[in-house]
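Q: I have a structure I would like to understand better, so I am pasting it below and will then ask my questions one at a time.
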């Protein structure tokens, strides 16, 4: 242990013996709590990199910007690495590393120091770290153990206001990580003194039913902490785009904290209040940052009827920055597997189309109108647009797969499908909008499934999504006993957009098990779908349903 960090530990321990120096900002009876999410530029990983990250964590916890917060969430994988793993206390034991191990003889320095920092600041602190645990501590797990006798996990750790470890969650869906998964997936929650129970999950977990969606369905959790080191992917899965869409679809509070290295595809943090949208968010497009973003978060009542809207953070009022391939590294989705059509935007004119695009029996109807903005100036560049439909597995190498049914308008850097899912290379004013969309509407009839989630999926050239005030979303069953849902997603009539990258519906069917219309009649009956029901009759006509939905909507608005 270096002298510098020995003295830091001593100072924090002394301060830790005097908890409560920061005033509690929220009470159990309050309508709001105050949360902070940290966008954090990680140190280049080495055996000693954790010390620089730790200093950055402590500085943020003690900063003036964080003073009013009840809870602070730090990102995934920005503290330590496989070369500096630590044991983590079992939350059932209510261990306070700051008091029980002040000299860091069992737990690593950073765990003890952050326990003391939480105690000194009197805040709930959520961190993510690389954890080690002896294989013998989990006798029910009979899988082969590493030669050193240790499992290594990607783990969230929660300290309460006293510095006690009150919660621990280990990532279920690893993203190409050389780490262990738990023997069985964990559904983990923790209670707070301000009357909110949080669930938590990590990064790639957001695309799967367990544990994120399962905590909502089975336990009614309305608030989540979400550390991430997300690698953004065009056109459907950039960080803030995904965070906001998930929170909106589930109507929950999401505290999302992201690693911040845009040059390798990492950035994206925000606080989201369900159907009300974003309270604060950021997508960096430079070298990254170490900063906390704070918002008052309205609490959900048990009836989920609270509709108070918190004031947006002043950090939301910022100059729009147009993304380019040089400002942010983007992964690319396999859009060549979509059934797609180039949207022909004739220069110097306005236009409109009503088009249905199907892949197999899954169809999306697009009702679009635009106004031309003229030709690009010399050296200028602009995006082309495609309409696309996809019904199949989302496959990436060496990671868990999920089944999706997507409908979207998305940009391309050229006219070929191979140009889609890419940012333009030009920056600033050299990127020019070719059209303004004056009408955008997508109509789809989706089959129900045992587990599925549909959400609005949008992206602007600032790499931030549209807000709920800018669009209309409806999702309903045509009859009570049907097994399909009619979805309409449209730009509000008062809105016109010229900086759009993506406008679509993301249909996440997870493992696609027990999806209506998929499998044999015996399998459908086993899943609870009754033969000869109105749902089955509706399925037979679902190719025409999107056209009917949009025709009715157009008639009502005219």
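Glycine residues also receive a Cβ, built from the backbone N, Cα and C atoms like all the rest.
According to Swiss-Prot, the protein carries these features:
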| type | residues | note |
| --- | --- | --- |
| DOMAIN | 33-299 | domain 'CN hydrolase' |
| CARBOHYD | 65 | N-linked glycosylation site |
| CARBOHYD | 103 | N-linked glycosylation site |
| CARBOHYD | 120 | N-linked glycosylation site |
| CARBOHYD | 128 | N-linked glycosylation site |
| ACT_SITE | 171 | active site, proton donor |
| CARBOHYD | 180 | N-linked glycosylation site |
| ACT_SITE | 203 | active site, nucleophile |
| CARBOHYD | 354 | N-linked glycosylation site |
| CARBOHYD | 379 | N-linked glycosylation site |
Q: Do any residues at least six apart in sequence from the residue listed as 'active site, proton donor', in the same chain, have a Cβ closer than 8 Å to its Cβ, and if so which, in order?
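A: The answer is 153, 154, 155, 177, 179, 181, 201, 202, 203, 204, 205.
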Q: What's the CA-CA gap between residue 180 (N-linked glycosylation site) and residue 128 (N-linked glycosylation site) in angstrom, rounded?
A: 15
Q: Just how many other Cβ atoms lie inside 10 Å of the Cβ on residue 128 (N-linked glycosylation site)?
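A: The answer is 29.
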Q: What's the CA-CA gap between residue 65 (N-linked glycosylation site) and residue 120 (N-linked glycosylation site) in angstrom, rounded?
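A: Cα to Cα, residue 65 (N-linked glycosylation site) and residue 120 (N-linked glycosylation site) are separated by 16 Å.
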Q: Given the glycosylation sites 103, 120, 128, find the one whose Cα is closest in space to the Cα of residue 354 (N-linked glycosylation site).
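A: Result for residue 354 (N-linked glycosylation site): the nearest of the glycosylation sites is 128.
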Q: Round to the nearest Å and give the CA-to-CA distance linking residue 120 (N-linked glycosylation site) with residue 103 (N-linked glycosylation site).
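A: A Cα-Cα distance of 17 Å.
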Q: Starting from the Cβ of residue 354 (N-linked glycosylation site), draw a 10 Å sphere and report how many other Cβ atoms land inside it.
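A: Here the count is 14.
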Q: Can you give me the average pLDDT across the domain 'CN hydrolase' (33-299), rounded to a whole number?
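A: Mean per-residue confidence for the domain 'CN hydrolase' (33-299): 96 out of 100.
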Q: Where's the emptiest Cβ shell within 10 Å among the glycosylation sites 65, 180?
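A: If we count Cβ atoms within 10 Å for the glycosylation sites 65, 180, the smallest count is at 65.
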Q: Hey, what's the Cβ neighbour count for residue 203 (active site, nucleophile) at 10 Å?
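A: So the Cβ neighbour count for residue 203 (active site, nucleophile) comes to 26.
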Q: Tell me the Cα distance separating residue 103 (N-linked glycosylation site) from residue 128 (N-linked glycosylation site), rounded to the nearest angstrom.
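A: Pair distance, Cα basis, whole Å: 22 Å.
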Q: Per residue, counting other C-beta atoms within 10 angstroms of the C-beta, which of the glycosylation sites 103, 120 reaches the highest number?
A: 120
